[in-house]
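J.: What Swiss-Prot shows for this protein is this:
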- Thr11, Arg81, Glu82, Tyr133, Asp242: sn-glycerol 3-phosphate binding site (BINDING)
- Thr11, Ser12, Ser13, Thr264, Gly307, Gln311, Gly412: ATP binding site (BINDING)
- Thr11, Arg15, Thr264, Gly307, Gly412, Asn416: ADP binding site (BINDING)
- Arg81, Glu82, Tyr133, Asp242, Gln243: glycerol binding site (BINDING)
Amino acid sequence: MTYLLALDQGTSSSRSIVFDTQGRIVASAQLELPQIYPRPGWVEHDPREIWRTQLATAREALAKAGLAAADIRALGITNQRETTVVWNRATGQPIHHAIVWQDRRAEPLCAQLREAGHADTIQRKTGLLIDAYFSGTKLRWILDNVNGARAAAERGELAFGTVDSWLIWQLTGGRRHVTDVSNASRTMLFNVHTNQWDDDLLALLEIPRALMPEVLPSAADFGRTAAEVLGGEIAIGGVAGDQQSALFGQACFSAGMAKNTYGTGCFMLMHTGGVFQTSANGLLTTAAAQPTAAPAYALEGSVFVGGAVVQWLRDGLRAIEHSGQVQQLAESVPDSGGVMMVPAFTGLGAPYWKPDARGTITGLTRGTTIAHIARAALESIAFQSAALLLAMSRDAVASGGAPVSELRVDGGACVNNLLMQFQADLLGIPVVRPACVETTALGAAYLAGLSSGVYQSTEELSALWKAERRFVPTLDKHRADELMARWEHAVAQTALAA
């Protein structure tokens with residue numbers, strides 16, 4: 001038998017999954033990753049803990065599967081994107097905690113860049129908006145604030161990487177300093193047209209080029225693990241940022257195919273093929289996972305509060321004792337009773353980009369119960385995701401394509417049947433849940449399998465993808481449009497609440 005190992009390094013945990021060549025899970029392991037909050041708005045991880053937990057889960061998954069390194073054809077890596085690590089090349093030790101994608105400390109620098117008129121250039125070259133979310137300004141902060149960092153960087157003594165680069169450095173014993181195009185495209189330093197680090201952007205942010213890793217396609221030779229790491233050498237054959245990896249694991253390989261990941265937030269990506277498409281509707285353009293040197297792009301939108309609204313029902317309102325109870329509570333009423341909730345706890349993301357918005361609950365009457373509020377909270381996840389998909393479809397049609405005809409779903413909240421049915425009703429298209437919902441890790445395994453010859457083509461991978469359940473719309477379009485209009489009215493009211 002042939003097996004593939006996927007390392008899935010996320011924001012809250014490190015996981016490793018062994019897959020067979022049919023994409024079935026053989027064994028898995030997971031460890032929580034400690035979060036560090038030095039100041040309000042700052043979020044850090046200890047890079048040594050990232051490595052320790054990831055290595056431990058890889059070893060545990062292999063042990064659970066009863067496999068040795070020699071049984072693994074190749075290893076794939078998927079990771080939290082944008083999180084920034086800088087380490088000493090000689091010692092392999094980080095010079096500062098990793099600055100996590102959620103961290104906002106670089107916002108003053110971003111404001112300066114916007115005020116200086118650099119937004120159009122950065123979007124044209126990178127597909128991104130100027131935001132502290134991305135790696136470039138985090139890296140600049142480290143160079144400016146860690147004693148001796150800039151001088152050491154200019155001497156070529158330091159290495160920068162997103163989490164994938166850090167893991168590969170550790171896995172290979174410091175022999176490879178590399179990343180893939182999908183991770184590079186989230187730095188605000190990478191030109192997605194040339195697939196190169198952009199000298200002008202590096203100069204703008206005062207970042208020495210010597211810091212930067214080599215950029216490879218997402219299915220490539222990223223090196224081999226040092227024998228002592230996993231008990232033998234394993235080829236590292238696939239790397240992709242978590243959302244691009246999920247798009248790949250969902251077998252969304254051609255223009256117009258889309259997936260939505262329902263986690264703490266929601267992340268929706270629509271493949272645009274080889275076309276770099278700038279959104280007119282508040283979306284980002286990003287590099288999709290690229291198994292070859294051929295360019296591939298996607299439109300991306302992020303919802304800040306998805307499943308987190310269920311955590312709020314549990315911890316804030318104490319309406320439920322555990323998250324699994326929300327569907328039963330919401331189903332105890334036929335609808336939300338006119339209640340509309342906009343969970344703008346941390347502002348609103350795409351396609352609205354209203355950082356100052358605050359959450360609202362409207363439509364309350366004397367007859368409103370906690371069940372109506374729970375249902376409105378669940379429905380808010382679907383409303384926000386529908387706004388993203390409608391924006392994507394407008395962009396697709398404007399560029400001569402067709403609107404999205406099916407949405408593939410994954411992430412923890414996709415197991416909620418009420419939510420998935422309401423999502424299909426709002427969108428007027430089928431919502432499809434796959435047999436394997438671990439699509440992020442599966443995407444990394446598929447990329448590793450392509451580079452190592454386990455799979456010959458993406459067509460072969462498409463044939464492996466299987467649906468577990470298909471949610472078909474049951475609401476007429478007129479009613480769905482009415483509901484979306486009510487949602488947009490509620491969103492407009494969040495500006496008044498700010």
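From the backbone N, Cα and C atoms, a Cβ is placed for every residue, glycine too.
Keep in mind that this is a model prediction, so the values were computed, not measured.
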J.: Can you tell me which of the binding-site residues Ser12, Arg15, Gly307, Gly412, Asn416 is spatially closest to Glu82 (sn-glycerol 3-phosphate binding site)? Compare CA atoms only.
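T.: Nearest by Cα distance to Glu82 (sn-glycerol 3-phosphate binding site): Ser12.
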J.: Over all pairs in Arg81, Glu82, Tyr133, Asp242, Gln243, the listed glycerol binding residues, work out the largest Cα-Cα distance in Å.
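T.: Across Arg81, Glu82, Tyr133, Asp242, Gln243, the widest Cα separation comes out at 15 Å.
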J.: Taking 8 Å from the centroid of the Cβ atoms of Thr11, Arg81, Glu82, Tyr133, Asp242 as the cut-off, which other residues in that chain fall inside it around the sn-glycerol 3-phosphate site?
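T.: For the sn-glycerol 3-phosphate site, the extra neighbours are Gln80, Thr83, Val100, Trp101, Arg186, Gly241, Gln243.
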J.: Out of Ser12, Gln243, Thr264, Asn416, which of the binding-site residues has the smallest number of neighbouring Cβ atoms within 10 Å?
T.: Ser12
J.: Determine which residues of the same chain, besides Arg81, Glu82, Tyr133, Asp242, Gln243, have their CB within 8 A of the center of the CB atoms at the recorded glycerol site, and list them by sequence.
T.: Gln80, Thr83, Trp101, Arg186, Gly241
J.: Using Cβ-Cβ distances, find the residues under 8 Å from Tyr133 (sn-glycerol 3-phosphate binding site) that belong to the same chain and are at least 6 apart in sequence, listing them in sequence order.
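T.: Same-chain residues close to Tyr133 (sn-glycerol 3-phosphate binding site) (Cβ under 8 Å, separated by 6 or more) are Glu82, Trp101.
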J.: Given the sn-glycerol 3-phosphate binding site residues Thr11, Arg81, Glu82, Tyr133, Asp242 in the record, what is the largest Cα to Cα distance, rounded to whole Å?
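T.: 15 Å is the greatest Cα spacing among the residues binding sn-glycerol 3-phosphate.
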J.: Roughly how many Å lie between the Cα atoms of Gly412 (ATP binding site) and Arg15 (ADP binding site), rounded to a whole value?
T.: 15
J.: Go through Arg15, Arg81, our binding-site residues, and report the one whose Cβ sees the most other Cβ atoms within 10 Å.
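T.: Compared across Arg15, Arg81, the most Cβ atoms within 10 Å surround Arg81.
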J.: Under a criterion of Cβ-Cβ distance under 8 Å and sequence separation of at least 6, what residues of the same chain contact Gly307 (ATP binding site)?
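T.: The answer is Tyr262, Gly263, Thr264, Gly265, Ser323, Ile381, Gly411, Gly412, Ala413.
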J.: Can you tell me whether DSSP puts Arg15 (ADP binding site) in helix, strand or coil?
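T.: In the DSSP reduction, Arg15 (ADP binding site) maps to strand.
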